[in-house]
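K.L.:
Structure provided below as structure tokens; questions to follow.
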Amino acid sequence: MSVQEYLDKYMLSRKLEDAVNAAVRAKTTDPVLFISNHMKKGVQSVITKVKARQILDSRGIPTVEVDLFTNKAMFRASVPSGNSSGMYEAVELRDGDKGVYLGNGVAKAVKNINEKISEALIGMDPTLQSQIDHAMIDLDKTEKKGELGANAILAVSIAACKAGAAEKEVPLYKHIADLSGKSSPMLPVPAFTVISGGKHAGNNLAIEEIMILPIGASRFEEALRMGSETYHHLKAVITEKCGPHNCNVGEDGGFAPNVSSFREALDLVKEAISRTGYDEKIKIALDVAATNFCIGKRYDLDFQSPQKSGQNFKSAEDMIELYKELCAEYPIVSIEDPFDKEDWEHIKIISSLGICQVVGDDLLMSNAKRIEKAVTESACNALLLKVNQVGTVTEVIEVVKQAKEAHWGVVTSHRSGETVDSFIADLSVGLAVGQIKAGAPCRGERLEKYNQLLRIEEELGDQAVYAGEDWRQ
């Protein structure tokens, strides 16, 4: 075939002429680069390969990373994991070989991507997120993604989402907003972890996290500054009152002073907020994670203490009174998992009081059926959204819609085992959820999410909207 015949067969002469004309109109100083990019835009992007590998998360435990290739570029994503998994969430596939990474390896999930998922997705348009996600769901054939592994499926789903945004030449948060039908992106209020306890730290504090919410900030940049300043004031307060050895941090970056009572920990935080001068602008949130210290129908507030007295057991009714007192004494606006994950009766009672936002984490596990039950029974009024409990971007969008239709708050959440992937920052903005929980203003894998939100706010410029006082909308 001659050159002319080749040009004619693929109609390249017309396409080249269009590209040259565009370069002339643009008055470009580099016509070769301009024409190359112009021609590339005229080609539909398709997935050409998906390559996975095993990397380590912030705890040094294996997780899945994916490189998704199109005929134009490569897009990378990695998935987080939590301390524990529940029976209602999507299955995180682990190898189970105790001789390798203590059984936590993800070689099976990686193999499933490289040998099964990659082949199934080759040739697909990365902008068609729902088609990609459902192709993987159909390939898995199990209700909770136990065959391929939710960690395998989610990593590919996120990478495809990034590729779709690039093909449309829009920011990731804008692409996510388009997928969900949202027209107005919004910067979320950050819930900064400042004190860690429970299974996230080695102290005697039963509850898992105390967080601060800078709802009085006017912009996300100001909220981040408030969080950072409060965090450093808290370090000084803990040093003065408990000694410098109490300033070690937990898995999420929160300080882990050796305190045992809720009030003792809250007093430290209240003092730190007071020192910043932001008293009315910063509120407090609790992640009780009560399932971890529920024994039968009682709650052992000394479960972390090596010197258990056996005298600090509380009934569910006692816990309700405690929460009412704490909300009256401190600026607490949100409580996560105040009771055991199967104690629907008492979480309904605390929600009915209207004293604060009641967030379902272990109660819901980001499971659509559990959310439906909670909505029907008025069991809580906010969802803690953990993308790895769901398994695909498409399904994440659906559960957020489900929660929002019930007029719930939504808190996009990190996990204890994080990576430097900042996807949940863009997700929070694109879905306009109003709240994000990504750990302390400390540690790289946590800060990457907050720093990405700074970049998004800068990019939006005058169009940037910070949730602020409307954090639950």
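Quick reminder: no glycine exception, Cβ is built from N, Cα and C everywhere.
Positions annotated as active site, proton donor by TrEMBL: Asp252. Summarising the annotation, TrEMBL assigns active site, proton acceptor to Lys386. Annotation source TrEMBL lists substrate binding site at His200, Glu209, Glu336, Asp361, Ser413, His414, Arg415, Ser416, Lys437. If you look up TrEMBL, you'll see Asp287, Glu336, Asp361 marked as Mg(2+) binding site. Marked as domain 'Enolase N-terminal' by TrEMBL: 47-176. According to TrEMBL, the feature domain 'Enolase C-terminal TIM barrel' maps to 184-473.
Could you give the neighbours, burial and distances for every feature on this list?
P.N.:
Within its own chain, Glu336 (substrate binding site) has Glu209, Ala285, Leu286, Asp287, Val288, Ala289, Val358, Val359, Gly360, Asp361, Leu384, Val411 as residues 6 or more apart in sequence whose C-beta sits under 8 angstroms from its own.
A 10 Å cutoff on Cβ-Cβ distances gives Asp361 (Mg(2+) binding site) a total of 27 other Cβ atoms nearby, all chains included.
As a whole-number mean, the pLDDT of the domain 'Enolase N-terminal' (47-176) in this prediction is 95.
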K.L.:
Which site among His200, Lys386, Arg415, Lys437 has the most other CB atoms no more than 10 Å from its CB, taking these as recorded positions?
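P.N.:
By the 10 Å Cβ neighbour count, Lys437 comes out on top.
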K.L.:
Taking the Cβ of Ser413 (substrate binding site) as the centre, count every other Cβ atom within 10 Å, in any protein chain shown.
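P.N.:
Step by step: centre on the Cβ of Ser413 (substrate binding site), count other Cβ atoms within 10 Å, giving 27.
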K.L.:
With DSSP helix as H/G/I and strand as E/B, how many residues of the domain 'Enolase N-terminal' (47-176) fall in helix, strand and coil?
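P.N.:
Helix, strand, coil within the domain 'Enolase N-terminal' (47-176): 54 helix, 25 strand, 51 coil.
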K.L.:
Given Asp252 (active site, proton donor) and His200 (substrate binding site), what distance in Å do their CA atoms have, once rounded to a whole number?
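P.N.:
About 7 Å separate the Cα atoms of these two residues.
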K.L.:
Measuring Cα to Cα, how many angstrom lie between Arg415 (substrate binding site) and Lys386 (active site, proton acceptor)?
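P.N.:
About 7 Å separate the Cα atoms of these two residues.
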